[in-house]
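Below: one structure, written as structure tokens.
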Amino acid sequence: LKVGYYDKSCRGVENVVKWHVARAIKANRKSGAALVRLIFHDCFVRGCDASVLLDPTPENPHTEKTAPINIGLAAFDLLDDIKAAVEDRCPGVVSCADILIFAARDAASLLSNGHVHFDALAGRLDGVHSHAAEAQQDLPDSTFTIAELIQNFKRKNFTIEELVILSGAHAVGVGHCSSLRARLTAPADQILPAYRGLLAGKCAKGPDPIVPNNIRDEDAGAVAATIPGFLPKLRKVKDFLDNSYYHNNLARIVTFNSDWQLLTEKEARGHVHEYADNGTLWDEDFSDSLVKLSKLPMPHGSKGEIRKMCRFVNHH
């Protein structure tokens, strides 16, 4: 993998990606949050091989995107549009895996006003395997304890510090109520009771509603009714990627059990305080952690290809 991999074979490809990502985020910042989530959900399973983008087919009805743990993944249409534009420019040259990394990098930069930034390595191939069971096995669940989270990240060679850094991505995006059910009955030492009430009210509104990961992105009405003191902290611009997750965590107003769990272990808790105190440090460390994520390789001996369409393997 190297920076500038396509400089000769597909000049300007990164600009094409960035133009599409910027346009999508201008229309709806949630698409940016979805791209940041995708880099993790792709790379943690079989390495960064765009296996998460494959649609189910009669031959393989249970691809990664059908896994319960991948509920709510989005931005697939946006990646289809980018891939089509790139194929027009340089047919058969740029992998979906690299497009996903470029797009996630641009999304993180745009959502953070440029504070999260890194040069993206490229030169990946697209995988031809995608299995829901592997996603269930490899990705950390929102119900995990701190011990399970640490073990899960350690399997991919990530430290406790990197677990805390990457959890900060929960400053943006949304979660499904099915992923935070345990929080609706958690005791007051684990979740601010007023926030628990806010979540319970929202989660009662249908079979599996979504709620903002970051209370600062909540609608004013819900906050006024439950935590009026928090109203001044609501953000004018939603889905802004910064260190607010760590402030929210220390105040016990985070959505998932796996978020709160970071406060239950000494080293992890120390890092939560560290990043709450120093937003610039988090910007830098999050950038570095995304680069490390982007280097996760395909399983040894895997075959890869350059897909023509990101949702389907090529038919040889």
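Our numbering is plain: 1 for the first residue shown, then up by one each step along the chain.
Placed from the backbone N, Cα and C atoms, the Cβ positions cover glycine too.
Within 10 Å of the C-beta atom of His41 (active site, proton acceptor) sit 19 other C-beta atoms, taking all shown protein chains into account. Under the heading active site, proton acceptor, TrEMBL lists His41.
The Ca(2+) 1 binding site annotation in TrEMBL covers Asp42, Val45, Gly47, Asp49, Ser51, Glu64.
According to TrEMBL, the substrate binding site annotation covers Pro140. The Cβ neighbour count for Pro140 (substrate binding site), using a 10 Å radius and every protein chain shown, is 21.
According to TrEMBL, the heme b binding site annotation covers His170.
Sequence-distant neighbours of Asp219 (Ca(2+) 2 binding site) (same chain, six or more apart, CB under 8 Å from its CB) are absent. Per TrEMBL, Ca(2+) 2 binding site is recorded for Asp219, Asp242.
Annotation comment: TrEMBL describes Cys10-Cys90 (among others) as disulfide bond. Taking the Cβ of Cys90 (disulfide bond) as reference, residues of its chain lying under 8 Å away and at least six apart in sequence are, in sequence order, Tyr6, Ser9, Cys10, Val13.
Residues or ranges marked as disulfide bond by TrEMBL: Cys43-Cys48 (among others). The number of other CB atoms found within 10 A of the CB of Cys43 (disulfide bond), across every protein chain shown, is 27.
Other Cβ atoms within 10 Å of the Cβ of Cys310 (disulfide bond), summed over all protein chains shown, number 22. Sequence annotations record features per position, and here TrEMBL assigns disulfide bond to Cys96-Cys310 (among others).
The feature disulfide bond is assigned by TrEMBL to Cys177-Cys203 (among others). Taking the Cβ of Cys177 (disulfide bond) as reference, residues of its chain lying under 8 Å away and at least six apart in sequence are, in sequence order, Leu199, Lys202, Cys203, Asp208, Pro209, Ile210, Val211.
What TrEMBL records for 1-314 is domain 'Plant heme peroxidase family profile'.
The annotation site 'Transition state stabilizer' is assigned in TrEMBL to Arg37. Residue density at Arg37 (site 'Transition state stabilizer'): 23 other Cβ atoms are found within 10 A of its Cβ, drawing on all protein chains shown.
The distance from the Cα of Cys43 (disulfide bond) to the Cα of Ser51 (Ca(2+) 1 binding site) comes to 9 Å.
Across the structure, Pro140 (substrate binding site) and Glu64 (Ca(2+) 1 binding site) are spaced 14 Å apart at their Cα atoms. Take the Cα of Glu64 (Ca(2+) 1 binding site) and measure to each of the recorded positions Arg37, His41, Cys48, Cys96, Asp242: the nearest one is His41.
There are 19 other CB atoms within 10 A of the CB of Cys10 (disulfide bond), with all protein chains counted. For Glu64 (Ca(2+) 1 binding site), the Cβ neighbour count at a 10 Å cut-off comes to 28, with all displayed protein chains included. The two recorded residues Cys96 (disulfide bond) and Asp49 (Ca(2+) 1 binding site) have their Cα atoms spaced 8 Å from each other.
When other Cβ atoms within 10 Å of the Cβ of Gly47 (Ca(2+) 1 binding site) are tallied across all protein chains shown, the result is 21.
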